[in-house]
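Since the structure comes first, as structure tokens, the remarks are kept for the end.
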2 protein chains.
Amino acid sequence: MSQDIPQKPKYFLISDAVGSLVNDIFQSVSVQFPTVDFDVTNYPFIQHDDMLLPILKQAKIEQAGIVASFINKDLNQIAEDYCEMAGIFYLNVLDQLMDQIVHQTNVKPSGKPGIRHQLDDEYYKRIEALEFAVNNDDGQQPKRFIDADIVLLGISRTSKTPLSMYLANMGYKVANLPLVPESRIPDIIYEIERSKIIGLTNDVNVLNKFRRERMRSYGIEDASLYTNDARIEKELAYANKLYEELNCPVINVADRSIEETATLIIMFFNSTKSQEIQ
Amino acid sequence: MSQDIPQKPKYFLISDAVGSLVNDIFQSVSVQFPTVDFDVTNYPFIQHDDMLLPILKQAKIEQAGIVASFINKDLNQIAEDYCEMAGIFYLNVLDQLMDQIVHQTNVKPSGKPGIRHQLDDEYYKRIEALEFAVNNDDGQQPKRFIDADIVLLGISRTSKTPLSMYLANMGYKVANLPLVPESRIPDIIYEIERSKIIGLTNDVNVLNKFRRERMRSYGIEDASLYTNDARIEKELAYANKLYEELNCPVINVADRSIEETATLIIMFFNSTKSQEIQ
């Protein structure tokens, strides 16, 4: 019944805060429908009914479904009632879990939007971690590895920088050190706690493709030394030998996204921490 | 009926991918119950029933509720059936929206976990953006402002670095320039598109507190010039004059989290883009 499929299903994503959650949920679900072309509009920071009502009216006109993450109960109720009356889809992605916790604990939710991102100690820790990661990217200050929570080692194009920034955004102080066979490993690598070192590796063919693209972006079409397979293998062998020597966990980033590799790193980090506590 | 409240409501967060979504939802909801102490365990990358079943059994023993984000229908069904049988709470945070889209489009979801984080063009764009942001933090290469999507200006402690990294993680190429009354503004600031410049500002008292803390972290208790109110006001006046001259949007970061400020910046960025298209 393809004539029944709206050409572009419309969705309005509404939040009384930043709206990253409702965006992430929509993205997680919509990527499961690669043949469907969605028409999505974001409405963050909708904290009063006089901001909400015009959006609801527009949704009715455009027959757009609404996916919301209202913490504010009144706004949630207004939107829910309006959508029911207008015959459009409404989902508050927080509702079911919220209801369950109220039911389980008998405690009322505080109702303040945006407090997931509040300016608390954790927040300042994150800012500090991001600054640390920027200042300790690419082995800039090996001495400061001592202050890092996590030290990433890897040859060129093993995602050291994006991984460092991603982990820093979660509050971890991350330093990274590029491994080059011709450079000396700073002594500090042998002095810091082994448990905070992670070795990154990659497949030869992925590295080759990655490096060619980078050279091309620099306007260099033929960069034989840097992208040569034998050279890459030499670098990888050098890195693997060091990882063995340090006896550190090694993660191959070849088929993993930053999120996936970061999650593995945190799993290693937490397992070491819990071993230390035991 | 406080004796009915479990001392620590237990939750298992399970995902067949990274699990960031289910974590974010749980955090968004649980911060609304500041008096409740939750006991939360994460199980990412659960992609087979032989990994899932022991977790479900453990949940039954501990009477833990389960919040999941399974894309895989079979795993979702196994978990749902098990929890119903075991009498424990089960929520798949993707289900309602998934069902709605199937109902609306008659298209079947692809069922592949983790594709929100797949290694596509957008992914490489993000890595490139993160590297750009690291290399263009703190006004390192003003010439490259020409290649930036967004240029952030601000005096010390206006969140330039964390904002740059946060936006870069979303795929925007961000450069930032610290404003210091004694330094010359690079000419390029007057040459690049005005629409990509954002001015950051902050409240005097917040800046003072922030800077004192930073000095203290450096072991400097008395840093009178840097933290002096009159000095901060001079810097702010200097920045505000430049913002007026450039006629750029100005965001006060005083009471805003990184996520909130970043969302505002993207709103400015998108509004300029749509004006350009019109």
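Glycine residues also receive a Cβ, built from the backbone N, Cα and C atoms like all the rest.
Annotated features, as they stand in TrEMBL:
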- A:GLY154, A:ILE155, A:SER156, A:ARG157, A:THR158, A:SER159, A:LYS160, A:THR161: ADP binding site (BINDING)
Cβ-based proximity (under 8 Å) of the binding-site residues A:GLY154, A:SER156, A:ARG157, A:THR158, A:SER159, A:THR161 to chain B, or none: A:SER159, A:THR161
A:LYS160 (ADP binding site) CB neighbourhood, other CB atoms within 10 A: 25
Cβ atoms near A:ILE155 (ADP binding site) (within 10 Å, other residues, all chains): 21
ADP site, defined by A:GLY154, A:ILE155, A:SER156, A:ARG157, A:THR158, A:SER159, A:LYS160, A:THR161: further same-chain residues with Cβ within 8 Å of the Cβ centre: A:ASN176, A:PRO178, A:LEU200, A:ASN202, A:VAL253
DSSP three-state assignment for A:GLY154 (ADP binding site): strand
Other C-beta atoms that fall within 10 angstroms of the C-beta of A:ARG157 (ADP binding site): 23
